[in-house]
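S.K.: Sharing a structure here in structure tokens format.
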């Protein structure tokens, strides 16, 4: 009995669970009763049609409809295919491809293609119903005979939904319909090729990873990125339907491929049937519009065609795919919908926000959202007449706030010369901004003059000796770098008390990180005990710092795309070179280590490989030797000019920009940390008593 149920599942795709079997039995009984009410000749005809329909479902395996070599009595596949091992099991939360009786069209390139005049399905002409080969099935032929259905024919072929009240249309010749369909598909294919032709100075993530055997950080490491929280178990061996580029047909056709390697959003795919042959492997963005779950072609009426290179490798493609796909995993049916939803952003152009003043870090200014790309905002300062004075940051950046934030916490704010809002501009709702962890300032808390260690926002490759200069409301602190502060405090910067960019005294020593001493301090090597005694200061209590360490998933050597926080409009090819709990050392490929940046693992300025391609943002490839030398020379000239204009800033002797340098601007600043609450914890600070 179990063997019978197993065979029934393979051949018909029926669910053999007890509940479903009871439903099947009930349906059979009803069918017998209905046969008793009709004449014998009608019963025989109905039985013949039912047998034909059932045989068609068995032949299809849920993927083929009328492929010449896929009939019941065809010879089995080649001996090499018969000896093939079964597909290894994959993660359980992806859809399983089952023999469920769905119809897949599968032209073999020999018998010619035909389009059903009723439903628009494309398939092998010889497999179509009736002598004229106008319909794919008996049901379509009968439906066509009804006048109420004829008006939907042209609409279906054009991809439009049929109207309920339809008039009878004059039938078009089948050749004309096929020609129109072929022209339409050719147009789509040409448009896709035109878009794919755009490259970034010849840089290809796929070639870069393959040639160096790199690994990329998984999408799940980036909760703020599209699909970051719903990526699921997409991994190697997952099957998808993709365009078949190894085909001579004039129309756009598809074939099934398996994921060989994942690198962020990018996947290395191999067509089914190539086994260990990587000759036609190709990289693509798994979230692209041409990647579909297995079954999409059936639902969309798209043809499945094997690559020309292996077209004659197997004599029975049906048996081959039965073995390869049964029990395999594919993308969720709503995958493309989830991708689209995850790329919808609440921020809109003309919204007003408060953002850090890149010329004076101690204050904020009003800026207006000019554009949004992948959640990244181009903000134009409200007083900029030519709209060129801008600032780039992510919508979850801790550097932007709602209108009125500065006044509410006591932060310095530059009032705008514009007395009223410009037409169309409106304040951003406060709930759209990243939330910071609530803190209790009533008990032991930070005080002015306390010492700590902090990432220098003007030289993100260093962690420096710092001092709390002012305590604001809601847990925010104004911090200055010892030995290089401006007399007017214009280079103080604001961090929240839970920010992962500030650390207790001794953090660098414990974790073997080089601590940058105050400028001009001569007692080297630097010792905190001596420095606190000399300055008459105290260290901020260790218990006040954020000690949460989430299970971020990053590993040393992983590739990603990262914002150059000294020039925040640029996103570059980067590598994780060091991990200290939740702190990541980001190195920009092709550049010296002095350009490295310390960034929090939950920073919204880190993205998976392929993010720029997915969102349409420009990716900066690894720098070549010549470009590094040219930028180094221009940087030295720029640094000299800036150091003469702004005295007391040690950052001007080390600040270097890798791309275009903005003339007439003081600094470009972006905090390399996220103030969002982490989802894990670990104690990694050791309190050192002086």
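Don't overthink the numbers, they just go from 1 along the chain as shown.
Cβ coordinates come from backbone N, Cα and C, glycine included.
What TrEMBL records for this protein is below:
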COMPBIAS  45-60  compositional bias 'Basic and acidic residues'
COMPBIAS  624-635  compositional bias 'Low complexity'
COMPBIAS  636-652  compositional bias 'Basic residues'
COMPBIAS  671-682  compositional bias 'Polar residues'
DOMAIN    107-142  domain 'FCS-type'
REGION    40-94  region 'Disordered'
REGION    622-652  region 'Disordered'
REGION    668-690  region 'Disordered'
REPEAT    203-307  repeat 'MBT'
REPEAT    315-411  repeat 'MBT'
REPEAT    413-518  repeat 'MBT'
REPEAT    526-622  repeat 'MBT'
SIGNAL    1-16  signal peptide
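Situate these features within the shown structure.
M.R.: If you take every residue in the domain 'FCS-type' (107-142) and average the pLDDT, you get 65.
The DSSP breakdown of the repeat 'MBT' (413-518), given as helix, strand and coil counts, is 10 helix, 31 strand, 65 coil.
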S.K.: In the repeat 'MBT' (526-622), how many residues does DSSP call helix, how many strand, and how many coil?
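M.R.: Summed by class, the stretch gives 19 helix, 31 strand, 47 coil.
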S.K.: By DSSP, how many residues in the repeat 'MBT' (203-307) are helix, how many strand, and how many coil?
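M.R.: Reading the DSSP string over the repeat 'MBT' (203-307) gives 16 helix, 32 strand, 57 coil.
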